[in-house]
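Participant: Quick paste of what TrEMBL says about this protein:
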- A:Cys15, A:Cys19, A:Cys22: [4Fe-4S] cluster binding site (BINDING)
- A:1-216: domain 'Radical SAM core' (DOMAIN)
Amino acid sequence: MNGPLSLLAELTHRCPLRCPYCSNPVALERREGELDTAEWRDVLGQAAALGVLHVHFSGGEPMARPDLPELVRHASGLGLYTNLITSGVLMDGMRLAALAEAGLDHVQLSFQDVAPAEADRIGGYRGGHAAKLRAAALIRAADLPLTFNFVVHRQNCARIGAMIDFAAGEGANRVEIAHTQYHGWAERNRDALLPDRVQLEAADRAVAEARVRHGDRLAIDYVTPDYHADEPKPCMGGWGRRFLNVAPDGSALPCHAAQTLPGLRFPSVREQSLAEIWFRSEAFGRFRGVDWMPETCRGCARREIDHGGCRCQALALAGDAAAMDPVCGRSPHRPAVDAILAGRPVTAPDLIYRRH
Amino acid sequence: MSAAETTVPAFVRGTRLSHDRARDRWVVLAPEKLFVPDATALAVLRLVDGARSIGAMVDDLAARFDAPRAVIAADVLALVDDLIARKVLKP
Ligand code: SF4
Ligand code: SF4
């Protein structure tokens, strides 16, 4: 068994935005419960020793942590590739200079839409879009490689082509168009976010056309939704295979959404070493490999491709985290997905926002 | 546009060659991407420093490997073209 390749370091749940599709848990960790600087430095050191190559500083809004530059510097010094996943609203010239100087390799900047008023409405933060544009200009001026990220859903997917053109125009090297996944807070907003098949087909077309328009000047990554598909996606490249997530309170997770899974205790880096957690904890071993799989998956040619799909989706839609992903056409729980698609209201209900 | 012996290749910003100590191998890292270069690509990538021309890289390799310079030059040029197309290097 190999060590993880990638660490998602969720420094904090605090965030000025209130995206209705936020996949962070409904109950957020408070500042007092967060790992401190020394603990994060130790986690980074252990991660590098375990074989992690990429570290993604995320949140919440990781820039809410004043020690971010120090952590980036530490990670860089360990030879880790450092990526900052940010909403950009807390970015200013001084903070960016500190991060660049600390050795930051790449910035992923999230946008809620390309239409400014809609973007601010979805993010629940007035002036957010304009702040992001200023952040993009600063990042570009610092000559840091930049990815724009758009989470798409029924309320903005008509503008995917414009989003991609906007990313190119603002100097991004790469753009990610990711359909919403219904984890954490997002589950509450599913009906308000889920696109129908016609929208989805238009979205696929818009991406294909943009690829032709931009050629190899812009890298376009498209994360397709799976409710409308009949084969699940390879969630995290397989449970406990390459990906390690450390939550703000130090819980180590095989996937960002895994905290919702009942019956599994995710050990904290405060009580065990990362190596113990990765190689020996029950939680990381629980859905690793193929032995845990339902019989249909074990006999399926795709078992090493999608690893039986997403455990959190199995729990949410089939009521059993060990079931095959209900999106799969061979799953006995597929009707649950079809019922959601069929029951999708024609008019989107109001978005439900977190209260801070 | 294809690379020539006078081309000075460099890593694209945000992409680099890194030693994966835990697995004892070299990897190319980019945002959300990782690939393991084969032995030939690695020998070339280790010479990429943004200052050395392809011609100088070929000279270096020709001195170390037992193959005619022209053969090495053709391999290196094709390889650099491929890495440019894959956005690992820029001319
Ligand atoms: S999805 Fe939106 S609200 Fe949630 S952490 Fe990211 S930027 Fe903040
Ligand atoms: S049967 Fe299991 S392994 Fe096969 S496609 Fe469905 S979920 Fe994936």
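For all residues, glycine too, the Cβ spot is worked out from N, Cα and C.
Mind mapping these onto the model and telling me what they sit next to?
Facilitator: If you take the C-beta of A:Cys22 ([4Fe-4S] cluster binding site) and look for same-chain residues 6 or more apart in sequence within under 8 angstroms, you find A:Cys15, A:Gly184, A:Trp185, A:Ala186, A:Arg354. DSSP assigns A:Cys22 ([4Fe-4S] cluster binding site) to coil in the three-state reduction, placing it in neither a helix nor a strand.
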Participant: With an 8 Å cut-off on Cβ-Cβ distance and a minimum sequence separation of at least 6, pull the same-chain contacts of A:Cys19 ([4Fe-4S] cluster binding site), or say none.
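Facilitator: When sequence neighbours closer than 6 are ignored, A:Cys19 ([4Fe-4S] cluster binding site) has A:Gln112, A:Ile122, A:Gly123, A:Gly124, A:Val151 within Cβ distance under 8 Å.
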Participant: Along the domain 'Radical SAM core' (A:1-216), what average pLDDT does this model show?
Facilitator: 94
Participant: Could you name the residues, excluding A:Cys15, A:Cys19, A:Cys22, of the same chain that surround the [4Fe-4S] cluster site, i.e. Cβ within 8 Å of the Cβ centre of those residues, in sequence order?
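Facilitator: The answer, listed by sequence position, is A:Leu17, A:Arg18, A:Tyr21, A:Asn24, A:Gly60, A:Ser87, A:Gly123, A:Trp185, A:Arg354.
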